[in-house]
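> Sharing a structure with you now.
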Amino acid sequence: MGDDRYRPLFETKRAKGTALYRVFAGSIFIGICLIWAFRVKHLPREGEDGRWVWIGLLAAELWFGFYWFLTQAHRWNQVYRRTFKDRLSQRYENELPGVDIFVCTADPVIEPPMMVINTVLSVMAYDYPPEKLSVYLSDDAGSHLTFYALSEASQFAKHWIPFCKKFNVEPRSPAAFFDSISNSQDSKQAKELAIIKKLYEDMKDRIENAAKIGRLPEEVHLRHKGFSQWDSYSSRNDHNTILQILIDGKDPNAKDMEGCALPTLVYLAREKRPKYPHNFKAGAMNALIRVSSEISNGQIILNVDCDMYANNSVAVRDALCFFMDEKKGHEIAYVQFPQNFGNITKNELYSSSMRVISQVEFHGLDGYGGPLYVGTGCFHRRDTLCGRKFSRETKNEFRIATDREREEKAHALEDKLKVLANCAYEENTEWGNEMGLKYGCPVEDVITGLSIQCQGWKSVYFNPERKAFLGVAPTTLAQTLVQHKRWSEGDFQILLSKYSPAWYANGKISLGLQLGYCCYCLWASNCLAALYYSIIPSLYLLRGISLFPECSSPWFLPFAFVAISKLAYSLAEFLWSGGTVLGWWNDQRIWLYKRTSSYLLAFIDTIAKTLGLNSDSAFVITTKVSDQEVYNRYGKEIMEFGASSPMFTALATIALINLVCLAGLMKNVAMEESIARIYETMLLQVVLCVMLVLINWPLYQGLFLRKDNGKMPNSIAIKSIVLALSVCTCFTFWT
Ligand SMILES: O=c1ccn([C@@H]2O[C@H](COP(=O)(O)OP(=O)(O)O[C@H]3O[C@H](CO)[C@@H](O)[C@H](O)[C@H]3O)[C@@H](O)[C@H]2O)c(=O)[nH]1
Ligand SMILES: [Mn+2]
């Protein structure tokens, strides 16, 4: 084989049509400059009416233009990747490295144990030598129910894994698989399918029953000594480390029903004490890194959230094609797969598929050195995650994961390793700082990925045809907004932190990637311009004052051109990414809602925190279940407002201001003004206001027309009506 020509394990291709896109972007840029020129040229002189509002518009337009420029980093230079798994098998099948898979869960109520074990089973069944695969579940709730479910899963795995391999099952999450085949049954496997399905249903009944009565069956304590570790447990925030190796892959007796080896399976609930900060998911991951280093020490680590089941059984091999490539593999620190979701409705009411991010933007980042680490569906080199710097000299060596490296029996090991997951272990160490995932940021993933890239490493974005992971997206508006608040707040904190992509990263990563990071880190600061633009021009309609060029003026053209071509392009991009027209319209609405609520609060909180007025931000975990009624509305794509949130007050107030302004304008038209004059002088302003009213249609329904429990709570309705009316009245009469 030595004289073979080098055949890479992966290939990278530039996107087609880049040149065309660049011309198009150039024309928009000219349009933006003309808009700026219009504002500057027509700025009212000092003492003249409307000077301040004009300056505000100029500032907003400068911001929009600047931000648009940043978004070009995601589109300028896109690349696509392809792997050659057959070559990987030919060359390395017997030398594959160990892979440790970390699954994180934190609450048995909003992350039900059945969902968690489906994720665990899906990764245990990867198409990969089981003796080289180890799966670790971190349970931040320290729930004996989750442990019980996992112990059940360890038994079920003995049937499930051989079944998957025999019939080449996809996906390998039992729940998702059984759902997918309900209509099309293959007779050949029908009998075995019935058996395995029965086993699964029985297991599910046992687990759900235990969850319902809040108690485990008596006999489990006899079956597994692990349960005794809960004897000293007082609460989820106050307990010893609980560590249990449920399947020890090195034990010759750990075999599935066909007599094949099983992957190692470990349960870990790190110690929790009220006086120690636990650092949320980052803390959990670091405990896993340490504990796993003594059990399996896989060179590659895959991290998934507990709702993100593996949907593509060859994803591990895909990732290895990047790491093991002889020429380029040595510089790759992590391979990020897109975050996809299994519960997206056709027109994605909450825009939660994030399809433009995964189909467009991350390919753009990949062209400049690699995507962000987004916390799930990501393969890392263990040593990079622990802080190793990149060096050209280090050889890209993969230890063959041989068994029998470790002499000790699992049970002796457990007691010894618990200390690694104790609170005090990290005191006076670099964990959370130079080592492992970083602490103190609500998006531990992004900041960790950035610091890895700043150490000279590249990352890779791989987006295969068959989605590699499918998770659970938020199913209510409130959850969506809260999640985006956490993200935008975390990203904004990164910008202001010592790891800022704007300065720290300077010279360490490419300029394109710096801009790409800034684009996300500035999400929160978008709120100001968006608020201004969605309120002020409409209010000026009430006074009959025009803030945009007249129809007949040549300055009208750049405004119309930029607005129309940006909207048309975003529609095209959305459709091209697999969305629908209505989905795009919904996406525009969420664009506005995020900016005027999540980002606004994130912006305020971050500034307050920087000034020392606010303490650290918590990690609000996204709920993965909802009650039937809410779920039905989600299925029908009816927006859910049935929660009391200050964010809703902000949204409703803005929506109502625009409604009042439009009504006021119509009144004026009816009473005195000629339509022709309004058309001539205020067309752009009217169009903006009408668009805002149209996009807010579901909100008005929630305020005034709906009767179900998902409508806007009365208290919020009253508050926002009073607010909106006072704003409009004050504005009309105050001079
Ligand atoms: O104290 C905690 C809090 C959360 N988690 C786990 O972290 C994961 C992500 O939490 P989720 O509530 O689902 O947040 P998302 O917004 O969906 O998560 C995205 O954003 C997070 C950063 O904000 C990343 O950590 C995630 O990987 C990424 O998927 C889940 O598995 C949780 O169980 C913990 O283990 N411990
Ligand atoms: Mn999630």
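Each residue, glycine too, has its Cβ placed from N, Cα and C.
Automatic, uncurated: that is what TrEMBL annotation is.
Below are the features listed in TrEMBL for this protein:
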ACT_SITE  ASP140  active site
ACT_SITE  ASP445  active site
BINDING   GLU111, ASP140  UDP-alpha-D-glucose binding site
BINDING   LYS281, ASP305  Mn(2+) binding site
TRANSMEM  20-40  transmembrane segment
TRANSMEM  52-70  transmembrane segment
TRANSMEM  522-542  transmembrane segment
TRANSMEM  554-576  transmembrane segment
TRANSMEM  647-666  transmembrane segment
TRANSMEM  678-696  transmembrane segment
TRANSMEM  716-734  transmembrane segment
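Walk me through the surroundings of each of these features.
Around ASP140 (active site), the same-chain residues at least 6 positions away in sequence with a Cβ under 8 Å from its Cβ are CYS104, THR105, ALA106, ASP107, ARG236, ALA269, ARG270, LYS272, HIS278, PHE280, LYS281, ALA284.
A sphere of 10 angstroms centred on the C-beta of ASP445 (active site) encloses 23 other C-beta atoms. DSSP gives ASP445 (active site) a helix state.
Counting every protein chain shown, 27 other Cβ atoms lie within 10 Å of the Cβ of GLU111 (UDP-alpha-D-glucose binding site). According to DSSP, GLU111 (UDP-alpha-D-glucose binding site) sits in a coil region rather than a helix or strand.
Under the DSSP three-state reduction, LYS281 (Mn(2+) binding site) is assigned to helix.
Tertiary neighbourhood of the transmembrane segment (20-40): same-chain residues 54, 57-58, 61-62, 64-65, 68-69, 72, 75-76, 549, 555, 557-559, 561-562, 565-566, 569, selected by CB-CB distance under 8 Å and a gap of 6+ residues from either end.
Beyond the ends of the transmembrane segment (52-70), by six or more residues, the same chain brings 28-29, 32-33, 35-36, 39-40, 42-44, 515-516, 518-519, 522, 526, 528-529, 532-533, 536-537, 540, 547, 566 to within a C-beta distance below 8 angstroms of the stretch.
For the transmembrane segment (522-542), the residues of the chain that approach it from at least six positions outside its boundaries are 53, 56-57, 59-61, 63-64, 67, 70, 484, 487-489, 491-492, 495, 548, 592, 594-596, 599-600, 602-603, 606, 654, 657-658, 660-662, 664-665, 682, 685-686, 688-689, 692, 727-728, 731-732, judged by C-beta separation under 8 angstroms.
Residues 24, 27-28, 30-32, 34-35, 38, 68, 355-356, 359-360, 548, 583-584, 587-588, 683-684 of the same chain sit 6 or more residues outside the transmembrane segment (554-576) yet have a Cβ under 8 Å from a Cβ within it.
Sequence-remote contacts of a segment are chain residues at least 6 beyond its ends whose Cβ falls under 8 Å from one of its Cβ atoms, and for the transmembrane segment (647-666) they are 477-478, 481, 485, 531, 534-535, 538-539, 541-542, 593, 596-598, 600-601, 641, 678, 686, 689-690, 692-693, 696, 699-700, 703, 712-713, 716-717, 719-721, 723-725, 727-728, 732.
Long-range contacts of the transmembrane segment (678-696) within its own chain (CB-CB distance under 8 A, at least 6 residues past either end) are made by residues 533-534, 537-538, 540-541, 544, 546-552, 556, 559-560, 585, 588-589, 592, 654-655, 658-659, 661-662, 665, 669.
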> Kindly assign ASP305 (Mn(2+) binding site) to one of the three DSSP-derived states: helix, strand or coil.
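ASP305 (Mn(2+) binding site) sits in a strand per DSSP.
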> CB neighbours of ASP305 (Mn(2+) binding site) within 10 A?
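Here the count is 24.
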> Given the recorded positions LYS281, ASP305, ASP445, return the subset with CB under 6 A from an atom of ligand 2, ordered by sequence, or none if empty.
ASP305
> Can you tell me the three-state DSSP label for ASP140 (active site)?
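Going by the DSSP assignment, ASP140 (active site) belongs to neither helix nor strand, so it counts as coil.
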> Mind giving me a neighbour count for LYS281 (Mn(2+) binding site)? Other Cβ atoms within 10 Å of its Cβ, every protein chain shown.
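A 10 Å sphere around the Cβ of LYS281 (Mn(2+) binding site) contains 23 other Cβ atoms.
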